[in-house]
Amino acid sequence: MSLQMVSTASNSSLLQPGFSLLNFDKHVFFFGQKGWPKRSCPTGVFLLDIKQNELKMKPAFFSKDSCYLPPLRYPALCTLRSDARADECQYIIHGGKTPNNDLSDKIYFMSLVNKTGKKMTFQCIEKDLGGDVPEARYGHTINVVHSRGKSVAVLFGGRSYTPLAQRTTEKWNSVVDCLPSVFLIDFELGCCTSYLLPELQDGLSFHVSIARGDTIYILGGHSLQNNTRSPNLYKIKIDLPLGSPAVTCAVLPGGISVSSAIVTQISDTEFVLVGGYHSDSQKRLACNTIVLEDNKIEIVESVSPEWTPDIKHCRTWFGCDMGKGSVLLGIPGANKQIIPDANYFYILRCKGAEEGKEEELIAQTCSQTSSEDPGDSTPFEDSEEFCFSAEANSFDADYADTYNEDDEEDESETGYWIICCASCNIDINTWVPFYSTELNKPAMILCSSGAGHWVHAQCMDLSETMLLRLSEANVKYFCNKHVDLNKGLQTPQKVMCLKKPPMKPLRKKKAMKLSTSTKKSFLRRLFE
């Protein structure tokens, strides 16, 4: 194994614990930034461009018919292929945390729909499910299994917030283990079915799962209820006959008591297990090789890399699988860097990974690590362990020429030109600047309803004064579609009774005093 430090040139503050990496067409894309996306990249998805040990992040593009994909941290994701050895794939993304610290129960399909030169365009679709729909969660895993010519997704584990009926003011955002249910998700029928297996007694989160054929292996994981890391190795087998599916589980020997580990695939049958935590206060610096052959699994200890002193002595670490036997690792930068929240990053290349050779990687890997940010809890707690979740799929760490700088000016397929509402009339071919602050892109504003979504300020009939006021003030904005719903959820403000001042009494007019001659003259005229 070799360990090499990389420097970050742009947007490095977005690389925070909880992110995921996606592999499309030999390129790696970053997903799950901390905080809501900015105008520089409203999609929240970036291309990771690594040249000469320098890591750059460049905005990715989405088609106009895509739904909004919020920057989810600690989600479960895996790849779905039409054929086991097909190059083209799409990612399934479920759950995770939004920047508002809300948990998502939605499931998205993200795929590559167009490639023009070195610019790729993605499409994101939200799927509706029925039946035993999994609750909102994070720190769980999802894999796709194949049996008898059919495929289903298998979801397991994770954490969720305490039910509303059990919450208190002091522990409003406390989390609990999800029930140890195994969910089978059939995307063709759009239904979910849950199974409770006697071998799975405790809820697990931030475990490792590896799928091959009709079998899923679950290794490690942390239980909040018992504050333990499971030493068991579970083998879950899925049979998909014409009737109801059959789900069985067996406990195998040779497991590892670990949570928050990373798994990367180095060959068709070999995986490398890196990192994680032995306990709340002890990182796991050892590495293991996992071999899957003939429906069997073997876990052996392998040679660890020469960890740097910074890695050895840091309290926490985070990262993600980049594919092709490469792992992106990060450690907190503390006060050593000028940029706030900046971190140090390394690329670990595992021994045996053939970086320049095309390989067909059949098995899927998925590993989950932590939940909270370093500032949200005390050090060394399991809630500080970080999410290492991605698919080991088609990545070459040494590609040199991957991006044209001139493409930065072409925003034709970015989130600026989405259809933000039913009455949206923003078209790239006919659009002209509406506000004085606009140059070559329409002004957008984030609606805070639900997971949040971007809308055009012009479509919301916002004046320039109001747009500037909203951008400067730290207030939530709701678009025309959700503003009435938000008003209905708000507590009515107390109406202050206006005190009416007492009315002044009318003054009586004084009678005019007339002289005697005037009276006689008036009477004379009256009787004439």
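In case you wondered, yes, glycine gets a Cβ from its N, Cα and C as well.
Note: TrEMBL annotation is automatic and uncurated.
As recorded in TrEMBL, the features of this protein are as follows:
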- Cys420, Cys424, Cys447, His453, His456, Cys459, Cys479, His482: Zn(2+) binding site (BINDING)
- 415-492: domain 'Recombination activating protein 2 PHD' (DOMAIN)
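The local packing around His453 (Zn(2+) binding site), expressed as other Cβ atoms within 10 Å of its Cβ over all shown chains, amounts to 20. With the fewest other C-beta atoms within 10 Å around its C-beta, Cys479 stands out among the binding-site residues Cys420, Cys479. Over all protein chains present, the Cβ of His456 (Zn(2+) binding site) has 23 other Cβ atoms lying within 10 Å.
Taking the Cβ of His482 (Zn(2+) binding site) as reference, residues of its chain lying under 8 Å away and at least six apart in sequence are, in sequence order, Cys447, Ser449, Gly450. Taking the binding-site residues Cys447, Cys459 in turn, the residue surrounded by the fewest other Cβ atoms inside 10 Å of its Cβ turns out to be Cys459.
In sequence order, Ile418, His456, Cys459 are the residues near Cys424 (Zn(2+) binding site), counting only same-chain partners six or more apart with C-beta under 8 A.
Residues Cys420, Cys424, Cys447, His453, His456, Cys459, Cys479, His482 make up the record's Zn(2+) site, and a Cβ search at 8 Å around their centroid adds Cys421, Ile445, Trp454, Val455, Met460, Asn480, Lys481 from the same chain.
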